[in-house]
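What TrEMBL says about this one:
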type	residues	note
BINDING	E28, N283	substrate binding site
BINDING	G60, E89, Q94, S120, I142	S-adenosyl-L-methionine binding site
Amino acid sequence: MASSMRSLFSDHNRYVESFRRFLNSSTEHQCMQEFMDKKLPGIIARIGDRKSEIKILSIGGGAGEIDLQILSKVQIQYPGIHINNEVVEPSAEQIAKYKELVAKTSNLENIKFAWHKETSSEYQNRIIEKKEFQKWDFIHMIQMLYYVKDIPATLKFFHSLLATNAKMLIILVSGISGWDKLWKKYGSRLPQDDLCQYVTSSDLTQILDKLGIKYECYDLLSTMDISDCFVDGNENGELLCDFLTETCNFNTTAPPDLKAEIMKDLQESEFSVKKEGKVLFNNSLSFIVVEA
């Protein structure tokens, strides 16, 4: 690996911008919205049975857009019942955005919010140390398990916090996605970073099977328009290439042979489809619903 290549996570501003470009170019949020509309109501149908309060724990809640969608579905299912929503999120910037979103959203009167600026492992250690165990009716981890060092221990811990009839929802990239192929083929040749690891739903289901935890897995198709990646000097394309490879300034720092291989592969059918002159990367997501 060329010494000039470095992880995208080493440049916070560039990471944030490349992630924003990814969201703008992909159907990620639309895919999640479809799941929330069609599948979530059935999943949460019994979480609040005979309860005066529903407790929800969001691990890696980010800026809160998906969290508020989840909360609105719970409100519809259990009108008027008080909801205690706690958020574990390590980024102060994301928490600030989440609070702004809550401030300008109506119909949240029956929801109490609390934010903890910490990683999931810091939260776990704090709870264990202080013996402040409490049961939750719904726990969700959306696109965050990539940033966890010990996934089996994390899953086991949070599973132990589920109340009767409770569910845990995990969303991450699917084992049938282009990400899975990309990481398996090129992961060892791209900058390694302690902050992030390559994990897909196929890895996760194996871990859950080993732990003997019951779950159901749903795959939904999502795409990411990467057409700009093949236009020389296109700023959007360069940022999307950075996001795909998790490499800061991939186009200018990657060895020419590696860059040529990846750019060729990204246009192949196992990674992307070509439609109406666009190259659409397979960004399929898995929604894993874990039983208490």
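The backbone N, Cα and C atoms fix where each Cβ goes, and this holds for glycine too.
Values in this document were obtained by computation on a predicted structure and should not be read as measured data.
In this structure, the CA atom of Q94 (S-adenosyl-L-methionine binding site) is 23 Å away from the CA atom of N283 (substrate binding site). If you compare Cα positions, E28 (substrate binding site) sits closest to I142 out of the binding-site residues G60, E89, S120, I142.
Of all Cβ atoms in the shown protein chains, 21 besides its own fall within 10 Å of the Cβ of G60 (S-adenosyl-L-methionine binding site). Looking at E28, E89, the binding-site residues in this record, the fewest other C-beta atoms within 10 angstroms of the C-beta turn up around E28.
In the shown protein chains, 21 other C-beta atoms lie within 10 A of the C-beta of I142 (S-adenosyl-L-methionine binding site).
The S-adenosyl-L-methionine site is defined by G60, E89, Q94, S120, I142, and by the 8 Å test on Cβ atoms against their centroid, the other residues of the chain that qualify are S58, I59, G61, G62, V87, V88, P90, S91, M141, M144. Of all the Cβ atoms in the protein chains shown, 21 others lie within 10 Å of the Cβ of S120 (S-adenosyl-L-methionine binding site). A simple way to gauge crowding: the CB of Q94 (S-adenosyl-L-methionine binding site) has 19 other CB atoms within 10 angstroms, across all the protein chains here. If you take the C-beta of N283 (substrate binding site) and look for same-chain residues 6 or more apart in sequence within under 8 angstroms, you find S26, T27, E28, C31, V173, S177, G178, W179, S222, T223, M224.
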